[in-house]
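Novice: I have a structure I would like to understand better, so I am pasting it below and will then ask my questions one at a time.
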Amino acid sequence: MERVRNTRLLRLVSGGKNKKGKLNLKHVVGENNGNISLLSMTDTSSIGSDLSTCPVHCTPEECFLEAASKGKQQEFQRLYVENPERLHIQDSNGNTALHHASINGHLHIVDFILQHDGDINAINSSGDTPLHEAVRHEQTIIIDFLLKNEADSSILNDLQMAPIHLAIDCDSLKSLEALLKHKSVNVKLTGESGFTPLHYCAYRDRAEGAKLLLKHGAKPCMKCNHGYYPIHIAARAAAATTLDVIIKYVEALGYTRAEVLSFEDRENNTALHSSVNSGYPEAVRVCLNAGALVDAQQEDKSTPLHFACAQGGLEMIKIMYEIQEGKFLSAMNTTDILKMTPLHRAALFNHVGVVEYLLDKGADINALDANDRTPLFVAASKGAWSTVNLLIKRGANISLKDEKSRNFLHVIIKGGGSLNMFEDDVFKNVKNLLKDG
């Protein structure tokens with residue numbers, strides 16, 4: 001592997017490349033905009049000024065790492081000459097001299113280490129390379145220098161993050177920009193759970209990071225190991241700004257907003273369905289405000305309202321009504337593949353508050369599913385007594401029979417229930433049904 005090499009640091013101000021055509025520090029840092037002073041590098045009166053006497057308890061190895069951390073170049077070189085193997089020593093956290101120099105932005109020491117075959121991809125106890133640490137501490141010149149010297153940007157640390165994932169996790173646009181200047185950095189690299197950098201942006205709501213990634217070729221159509229697109233992750237995380245960034249990007253490719261929001265994950269869920277599944281009301285609000293439709297049906301004909309009712313997510317349901325009243329009323333009377341309405345779903349799982357809310361909004365209390373079962377019949381079949389009592393109070397027809405000519409009392413008796421399950425004001429109606437039978 002060809003590294004950036006220079007004859008001596010004091011001769012680096014001579015130009016962009018040395019006689020051998022290799023990059024030098026002046027070329028990397030720029031004329032006057034680097035982290036180090038080119039003037040001080042040529043001021044011979046300063047040679048030896050960084051030498052310091054280490055405390056008595058400080059071993060030469062500890063002094064070596066401290067010199068790398070504090071940028072004491074002459075001390076560092078002296079200790080290296082004493083024992084070149086010190087380039088490979090690690091502190092209690094597994095950090096080498098290159099880690100320390102990268103963390104603190106000491107380019108001249110980083111350069112010296114690489115000239116002397118230090119391990120550019122050394123890993124500390126957290127699995128972080130010097131490039132990881134440079135990214136974490138926003139040492140952009142170090143990032144650039146390491147990558148020009150062929151640092152491996154695909155190494156995953158113990159959290160399954162490469163430097164590009166870490167830049168997003170730390171919310172460091174500077175580091176991300178520095179990484180993306182290099183073609184060797186894979187903008188689609190997968191980390192934990194198959195998350196691409198764009199998935200991380202969606203999860204953390206890093207909108208500006210998402211813009212950068214998309215500009216450099218990130219693909220919003222890549223799924224993670226769980227089958228989610230970035231748009232689904234953004235929806236589940238209520239990442240409003242990043243969701244909007246992704247939608248606008250895909251719209252620019254010729255898709256409509258409705259089409260984008262109808263993209264399905266591995267389980268055939270749209271972004272809104274995913275947000276409902278997350279159980280996070282604000283995630284639902286984000287999707288609805290982005291243009292997702294409450295009455296949109298997925299493969300099994302379920303709407304997001306069906307999902308919310310099955311979960312008992314009353315707050316989510318209220319948000320749906322608040323933002324899309326017309327679509328809400330449409331969804332309320334929409335049936336799934338089993339011909340169940342959202343009211344059937346709520347009754348099935350004994351979500352009394354949701355049942356009452358739907359009835360208040362005009363849900364059909366006697367709607368029939370594919371087996372001619374009303375919400376009352378479904379509730380009774382599952383022993384959902386609170387819902388049974390509420391539905392009867394609200395006027396549910398207790399005489400209706402299913403396709404097998406059974407009324408809801410047949411189901412109660414078959415399930416081991418008794419008349420003691422009914423409240424006093426409901427018992428009279430049930431008793432009359434027994435007489436009629």
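Backbone N, Cα and C atoms are what each Cβ position is placed from, and that goes for glycine too.
These numbers come from a predicted model, not from an experiment.
So TrEMBL lists these for the protein:
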| type | residues | note |
| --- | --- | --- |
| REPEAT | 93-125 | repeat 'ANK' |
| REPEAT | 126-158 | repeat 'ANK' |
| REPEAT | 193-225 | repeat 'ANK' |
| REPEAT | 267-299 | repeat 'ANK' |
| REPEAT | 338-370 | repeat 'ANK' |
| REPEAT | 371-403 | repeat 'ANK' |
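Tell me about the setting of these features in this model.
Specialist: With a threshold of 8 Å between CB atoms, the same-chain residues lying at least 6 positions outside the repeat 'ANK' (193-225) that come near it are 160, 164-165, 167-169, 171, 173, 176-177, 180, 187, 231, 233-234, 237-246, 249-250, 265-266.
Sequence-distant contacts of the repeat 'ANK' (267-299), counting only residues of its own chain at least 6 positions beyond either end whose CB sits under 8 Å from a CB of the stretch, comprise 227-228, 231-232, 234-240, 243-244, 247, 257-258, 261, 305, 307-308, 311, 313, 315-316, 319-320, 323-324, 327-328, 330-331, 334, 336.
For the repeat 'ANK' (338-370), the list of distant contacts is 303, 305-306, 308-314, 317-318, 321, 328-329, 331-332, 376, 378-379, 382, 384-387, 390-391, 394-397, 400: same-chain residues at least six beyond its ends, Cβ to Cβ under 8 Å.
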Novice: How many of the residues that make up the repeat 'ANK' (338-370) does DSSP mark as helix, as strand and as coil?
Specialist: 16 helix, 0 strand, 17 coil
